[in-house]
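A.B. asks: Let me give you the structure first, and then I'll get to my questions.
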Amino acid sequence: MTLDQKGLKKRSVTVAYFFNNIGKKHDIRLRRMNTVDEQERRIFERDLHRPGLALAGFTNLFTYKRLQILGNTETRFLNHLGEEERKAAFANLTRFKVPCIILTSNNKLQPELLDMATAAGIPVYVTRQSSTKAIYLVTDFLDDQFSLYQQYHGSMVDVYGVGVLLTGKSGLGKSEIALDLVERGHGLVADDVVVIRRKGETMQLSASRNNIIDHFMEIRGLGVVDVKANFGIRAIRDVKEVLVVVELLEWNKEMEYERLGLDTKTIRILGVDVPLVQLPIFPGKNITVIIEVVALNFLLKRYSNYVAAEALTDRIKKVIHNDDRTAGDILV
């Protein structure tokens, strides 16, 4: 099985989408300073720019496609100029197709500069946040928007706080297992279509649902189940980090399966290696409980560096090498 498909990436986001959504995910409130067509302006990069040199007249390397931040330094510079000089300096911004301008620390633009931005179709916003915090929050939001992502067939469940991705051929019962885990008190992130993102250069993968399918599940023989309506808000999760992948396999008596758990397998998703557990399916096997144990084993290894197979192996080695014991003692 391979999940290392080439990641997709947004080319741009509209300024309208940015304005309408950043406040939902981050502690930053933007207020409009003018009225222009926000749908027409697009943001192409996650990085921001403070246009101090551009305002001073040096525009050779002006990264105008980035969102522009005007903080205390930039606004004070403009304010200390005469009216004509101020207009000339601000024209170094408005003659480019800048996505939008954000004024931090509740700074203001002179009315004539605001009119210039409006005439150029540049949205202008203001926030009470400092430049440092605003840059951090806006960059984090855009990092999410421009992150690598891919859609996978499977189910994503939060088991004891561990994000477990269930994969395998269609018809093996991934949705039924996910539903059983929800009934046992765990949380459903997504079923059937799982959207996985890798943020920036981090080694973290986050999984979320497809917005159309939402938290609905299709159970063969039963039909569509609304997990949120049936089990309540405690049964769903919006986003969860992918920490373990469980691949469900059809039972094959000719195949050799892992028995001790000493060999750690991994699978690559969007360039990140994730622990992999392969579970054969056959009648009478309680997969739900086994997946709970998979999650608990992961927590034991992460926080206590404890692996049951290694502990048992060490114990047997100590007994075998103990000269004071007899072969009979070993079997007792």
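Backbone N, Cα and C atoms are what each Cβ position is placed from, and that goes for glycine too.
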A.B. asks: Of the ranges 94-99, 184-189, 280-285, which one does Swiss-Prot flag as region 'Important for the catalytic mechanism of dephosphorylation'?
C.D. replies: 280-285
A.B. asks: In the same chain, which residues outside the set Gly168, Lys169, Ser170, Gly171, Leu172, Gly173, Lys174, Ser175 have their CB within 8 A of the centroid of the CB atoms that define the ATP site?
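C.D. replies: In sequence order, the nearby non-listed residues are Leu248.
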A.B. asks: Let me spell it out: for each of the active-site residues (His153, Lys174), count the other Cβ atoms within 10 Å of that residue's Cβ, using every protein chain shown. Which one has the most?
C.D. replies: Lys174
A.B. asks: Looking at the binding-site residues Gly168, Ser170, Gly171, Leu172, Gly173, Ser175, which ones sit with their CA no more than 10 Å from the CA of His153 (active site)?
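C.D. replies: Close binding-site residues: Gly168, Ser170.
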A.B. asks: Measuring Cα to Cα, how many angstrom lie between Lys174 (active site) and Glu218 (Mg(2+) binding site)?
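C.D. replies: Here the two Cα atoms lie 10 Å apart.
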